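Over in TrEMBL, the protein carries these features:
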type	residues	note
ACT_SITE	328	active site, proton donor
BINDING	218, 356	pyridoxal 5'-phosphate binding site
BINDING	298, 302, 329, 356	substrate binding site
DOMAIN	18-354	domain 'Orn/DAP/Arg decarboxylase 2 C-terminal'
DOMAIN	23-266	domain 'Orn/DAP/Arg decarboxylase 2 N-terminal'
MOD_RES	49	N6-(pyridoxal phosphate)lysine
Ligand SMILES: Cc1ncc(COP(=O)(O)O)c(C=O)c1O
C-alpha cells in the first residue's frame, strides 16, 4: 500500500484507522500452500483470533482455507461466512463442557486440551470424534506470554499423560481422530517445529483412527527491514518429507494441518493515527497520537516492535521521537525511534498491524474502536464503522434509585 493511498484513506475515513491489504494476505496464503505442495492432503485453518472481521474471514473462506477458533463466538463469526462447519476446528482452553457441547452441536471439529473434559465429553458423546491437544514440553516462542508448549504451560495434555488419554478412549469408546499442538508464537528456529513434529508422530502412532495432525502455528514474521523470520520454504521441504514418510508408516494419507494467524495477516495490516501534539521536553520529543494501547496493545503488552513511518512527510529529515498515545497511563508505542520529521496533524503509519491489533482493542478510557478498511484489487471498502457514543452506551442500563433508597444507602 502506497503512502499516498494510505493518506487518502485517512482523510476519507478519519483517524485512527486500520487498513488491510488482501493481496498480501493472498500471497502469504499461497506461499504457505506452495511450501507444503508435496503433501497430498494439506489444510490451512486461519486463526480467527488474529483478525476476526467477518469480511476477512470470508476472504479466507474464498481462498479455500478453514478456520481455527477458540470460542463459541469465533465459531459463530466463522459460520456467518457460510463455511462448512467441518472446515472449522475449535481449540478452546479451559472452557466449560457446556460450551464444548454447544459447539459440537454445530458440527465443528472439537479439539480438547485436558483429560477431565475429554473424559466427560467421551462419556456423553462417544460418537463424536475428537482431536486432542498435546503439550510436547518444548520451550518455543518470542516471549514468555506467547510460549505455550513448555512443561509449566496451562495448554494441552502432557505427552507423559498419553497413557491416560488411551485409558479414557478405552473406557468411553470415543474416537480420537486428530492430534494437535501449538507451542508458541514468533518461533524462528525450524528445528523447534521439527522436534515437536517427531513427538506428535510418536503420539499419533498410538491411536488407530487418526485423520489429521495439526501442527498449530507460530511462524515468525519480519517486523522491520532486514528482520529475521521463519524460513517457511525450508520448513516446507523438511516437514513435508517427514510427514510423507509418516503417512507411509501409518498406512494412510492423513491430513497435515496448520493454523496460522500472524503469518497470514500481520504484514497485511497497517494502523494509521494522527499526531495531536509534538511535545519537546528537556530529554525527549514526544509525538502524541490520537490513539493508545486501547487500540494497539502489543507494544505495551509484549514489548513488540511496530515499525512506524511518517506518511505525511516521508522524505523529511530523520529525528528521534517517542511515539505515545492519549491514554491516562503510560502508553508508549516506540521509544527514541528515528522517524522523518513530525509535525502536528501528520499521519503516522504503524506496520505489522494486521494480527492481534484490532482484535485486542478495547474501549478503555471510553474511546471508540477505530474503523477498519479492506483493500481488494486496489479498491477500498469500509468493513467496520468507527464506533459512536451509542456503541459505548449500548447494553448499559440506567437504574433509577429513589431518593429514599439513596438516603438509606448513604446512612448505611
Ligand atoms: C492454538 C493456537 N493456534 C494458532 C495460533 C496462531 O498463532 P500465530 O498467530 O503465531 O500464527 C495461536 C495463537 O495464539 C494459538 O493459540
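The backbone N, Cα and C atoms fix where each Cβ goes, glycine too.
Given the structure is predicted, the values throughout are model-derived calculations rather than measurements.
Overlay of TrEMBL feature records on the structure.
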residue : record                              : DSSP (3 states)
49      : N6-(pyridoxal phosphate)lysine      : helix
218     : pyridoxal 5'-phosphate binding site : coil
298     : substrate binding site              : helix
328     : active site, proton donor           : coil
356     : pyridoxal 5'-phosphate binding site : coil
Proximal residue to residue 298 (substrate binding site) among recorded positions 49, 218, 328, 356 (C-alpha distance): 356
Sequence-ordered recorded positions from 218, 302, 328, 329 with Cβ under 6 Å of an atom of ligand 1: 218
Cα proximity to the residue listed as 'active site, proton donor', best match among recorded positions 49, 218, 356: 356
From 49, 302, 329, the recorded positions whose CA lies within 10 Å of that of residue 356 (pyridoxal 5'-phosphate binding site): 49
Within the predicted model, mean pLDDT of the domain 'Orn/DAP/Arg decarboxylase 2 C-terminal' (18-354): 94
Rounded Cα-Cα span from residue 329 (substrate binding site) to the residue listed as 'N6-(pyridoxal phosphate)lysine', Å: 26
Sparsest Cβ surroundings (other CB atoms within 10 Å) among the recorded positions 49, 218, 302, 328, 356: 328
Rounded distance in angstrom between the Cα atoms of residue 329 (substrate binding site) and residue 218 (pyridoxal 5'-phosphate binding site): 31
Substrate site span - longest C-alpha distance across 298, 302, 329, 356, in Å: 21
C-beta crowding around residue 298 (substrate binding site), within 10 angstroms: 19
